[in-house]
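S.K.: After the structure tokens below, expect a handful of questions from me.
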Amino acid sequence: MSNRDTTLLSLIALWCLSSVRSEDIYVAQGERSVKMPCPSMGSEWWYKSSLITKQDFKKGLELKGSAPMTSRAKVFQDRSLQISLPTSTDSGSYTCQGSKGETKHNLHVVSVSANPSGPFLQGHQTELRCQVSGDSKVEPKWIHPNGKDMKTLNGAFTLMSVAMADGGKWTCLITPTYNVTLTAAVLGVMPSTKVTVDRGQSAVLPCILISNPNSSSPLSTGTFSSLRLQEGNWTQLTPHSQTLLSIVEKDGACSWHSSSGSKTELQAIEEKKLVGDFSATLKNVQQSGTYSCSLNFKDRGTLITQVVLEVKGQPHGIVVPSDDGPNADVVSTKDAGDFLGLRWWIWLGIGAGSLVLIVLIIVVVYMIQRNKRMKKRAKKLRSMRKPLTANDYCLCNRVTVGRPNGRQRERTPMKERQR
């Protein structure tokens, strides 16, 4: 083969390679449309082996194919193809055939999601997923809102315990030039707080849902509407454990309901539909204590906050019984030696009684063991004693008398002595 022929074949191969162009195109699921260019100025668009559309621009005619996205496809004057509302089923190979060759595109639809879906609950587990369809070989990577790369496995990343700082825009990086974002809202409750009031006054116990760490105002109705409050209550933890308020649902709205048998007067601040503010008012405060607000959301989890109520003159929330009024079953004390609501002398009595009980138990156990040992010893001695036999006895019919160790003299009958 001559050099001329070799050069000609090389030019033909280069022309063939240049006439078929392949490009990876990424689009996020849910976007309005995706557009694929056709530099070869082709008149036919194919999806894999199915015809999408065939255009005759001179006559203004168009032939629709049987591809699944045909009804959502549109061809422009520059021969580019636009697909509206792309889904994962639209992923695959697209070919534009024309007089100048073919143009190939590989469409990849990217979907991002969270399980459970947002808003995320503070302190609970959430998984972020980033999936690329269309046989893509790229490895998606999640980037935290603070810019930190997260360890991603097959496009998934798990937040073991969601924090308020995790709220914001998460980025799923596909290529250096393309990424998809997921906006995450973190739902939390105001941190545990301390409320100090004078005795006899009313105290507001805050329980407010927030969506960022610097907010102290309740959530909007739109943010709260995506959640379903299943259960909630206000509970007094110390010095007495009792449920004060419970949430009931009526006509699609939630409201507080006072628990029967409660000794403490606690009521909702406003009798209206609960949205993001679940604070309550404690009237005629007579005691220091700890209160808990618990909110349970269906299929999400539970948020809990605690409020430490301190009455002035009651250091460290120390309380003792009192008979001052119907709602003042506890009052303050200045004795800092109390522990868990009991005076020191009560604990001393409990300790002394416990000590006596322990000593009695030890004595009883010792006596039982001692009796067992004595019975065992007596039984052993009885088993070791040799039984008596006939050979052990000596029967003597002697009539001689005398000293036991001296010489014996024979007794003579009385008649012979008289002779």
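From the backbone N, Cα and C atoms, a Cβ is placed for every residue, glycine too.
Feature table excerpt (TrEMBL):
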type	residues	note
DOMAIN	1-113	domain 'Ig-like'
DOMAIN	122-183	domain 'Ig-like'
SIGNAL	1-22	signal peptide
TRANSMEM	344-368	transmembrane segment
S.K.: Could you count the residues of the domain 'Ig-like' (1-113) that DSSP puts in helix, in strand and in coil?
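M.R.: Per DSSP, the residues of the domain 'Ig-like' (1-113) fall into 23 helix, 57 strand, 33 coil.
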S.K.: Pull the DSSP breakdown for the domain 'Ig-like' (122-183) and write it out as helix, strand, coil residue counts.
M.R.: 3 helix, 30 strand, 29 coil
S.K.: State the mean pLDDT for the domain 'Ig-like' (1-113).
M.R.: 80
